[in-house]
Amino acid sequence: MYDVIVVGAGHAGCEAALAVARGGLHCLLITSDLSAVARMSCNPAIGGVAKGQITREIDALGGEMGKAIDATGIQFRMLNRSKGPAMHSPRAQADKTQYSLYMRRIVEHEPNIDLLQDTVIGVSANSGKFSSVTVRSGRAIQAKAAILACGTFLNGLIHIGMDHFPGGRSTAEPPVEGLTESLASLGFSFGRLKTGTPPRIDSRSVDYTIVTEQPGDVDPVPFSFSSTSVANRNLVSCYLTKTTEKTHDILRTGFDRSPLFTGKVQGVGPRYCPSIEDKISRFPDKSSHHIFLEPEGTDTVEMYVNGFSTSLPEDIQIAGLRSIPGLEEAKMIRPGYAIEYDFFHPWQIRSTMETRPVENLFFAGQINGTSGYEEAAAQGLMAGINAVRKILGKELIVLGRDQAYIGVLIDDLITKETKEPYRMFTSSAEHRLILRHDNADLRLRKIGYDCNLVSSDDLHRTESIIKRVQHCLEVMKTAKVTPAEINTLLMNKGLQELKTPARALSLIKRPGISLQDILEHSLSVRSAAEELCNDPRVAEQVQIEIKYEGYIKREQLVADRIARLDSLHIPDNFNYDSLNSLSSEGREKLLKHRPATIGQASRILGVSPSDVSILMIRLGR
């Protein structure tokens, strides 16, 4: 008998299987196609706004995604550099073929993982506890626990114009049938969602004299805290163009054959990644929409047309593409399409990713109603971590909203009603100034180490950074900068000059003055804080802590108040019907979601502050 079975070898499944295996347990990873491990079915990129933060958190906890993109990325950029550090988000174009091969190689070389190419069509449970999965051949495979990471394969249906046919992730991959019905028989509630992808074009058919080049960063920041650099700095550029009124007119002629507008598609699509026809319909006054041309690798001519997701008929797609500046001669290699699939309402999972209806069964990824490689990988990692800890009888790991974007993601899934594919934004995190990409290891490395996913060397390196940052902050509080050292710089910057020596910390707080300015002009500060000159990581943390000290302290106070509510646990079998004073909607939502804490209860839509107060009184809090 296996310890854990992981169903699906996408981004969630790979992280789940690796977490189980590296946690010391024997894992069986089942996938319908071993050549499609960690396949990038949509955009050829990792990271981006909020997603980059999640990727760095995955790495900090000991996951593989960050290392994979550092090894196979072909262009790296830090987004939102002009904004504050809370908004900085790393993003990389991937060679999607190499990314998949990298992850397959990592999975295959993990001794605690066995691989099986087959399709799971059923799940069995005994007395409410997971017992086995059934594969297409009819064989039942037993394990102590299972993690389902099925992606968009559950009863998948692909739409291109008025044509529709079964498909799991692309037009070449079959759906999974029977598994939804099997889970429904165990008491699970499911729904239907939709996502889509744009056409791919031949990069040789683009007129590069018209489109705007977007090169990568000269000195990119790696995703993994274990990487000192990325393997390939800037092998490719991306390109920017935009649709025109002519494009919109052409696409409108196909609306009568659009599955989106004719009612063929029943699933709800992603609000923040709408199809091009949806954008034209929703924003009729907008004369253009940005289009980003993204290479899919260094050994292919395929180019991803970001911003042009569509399920319109093929003839309309190609005509619309050729009306875009720079794409007048575009050759379409693959059409865009929409895909409908089953998902399971995430109020049925706990904060640990374990399902409520069936013990020792975990869900991760798009089966929970999320979108995005990074969101899926994060769920897979947490499901893998907690499956191991459940089997070993250890305390399960729940990340708070003040600890990680991953904690925000999982909490949102449980407390919010998922009516469309969920994706993460920085605006989703109320504590984003303390959940920056640059400090993910400082926040989460110890947890990864405790889960046997982070080496002692990596942990010691992180602990060393924390100590040195604290030392340097103390130096900045006491070290003095003289007028003779700094006044010329202040005068050149149009800032008030010093009349007496000032603390380095107070000078750095001034707009227009950086930590580097102080180090370059003050020998005494430089001598006292030598680490700042030698380690960019330490210098970065010190500057942020000083510049944003007031904001960080204020945010931490709010986070601490919320954390106190999240520390007040509600028994799993709590009888809400015994509280006559609860509002009817509040009682209904509490019974449905079964929050684990008072804090979680307070975030459920429909649960009022009065309901929360009644709960706290009953629980003696």
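Note: Cβ is positioned from N, Cα and C throughout, glycine not excepted.
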Of the residues Val120, Val123, Val475, only one is listed by Swiss-Prot in the FAD site with Gly8, Ala9, Gly10, His11, Ala12, Gly13, Gln366. Which is it? Val120
Could you tell me which of these binding-site residues, His11, Arg271, Lys279, has the fewest other Cβ atoms within 10 Å of its Cβ? Arg271
Specify the nearest of the binding-site residues Gly8, Ala9, His11, Gly13, Val120 to Cys273 (NAD(+) binding site), where nearness means the distance between Cα atoms. His11
In three-state DSSP terms, Ala12 (FAD binding site) is classed as helix
When distances run from the Cα of Arg271 (NAD(+) binding site) to each of the binding-site residues Ala9, Ala12, Gly13, Val120, Gln366, the nearest one: Gln366
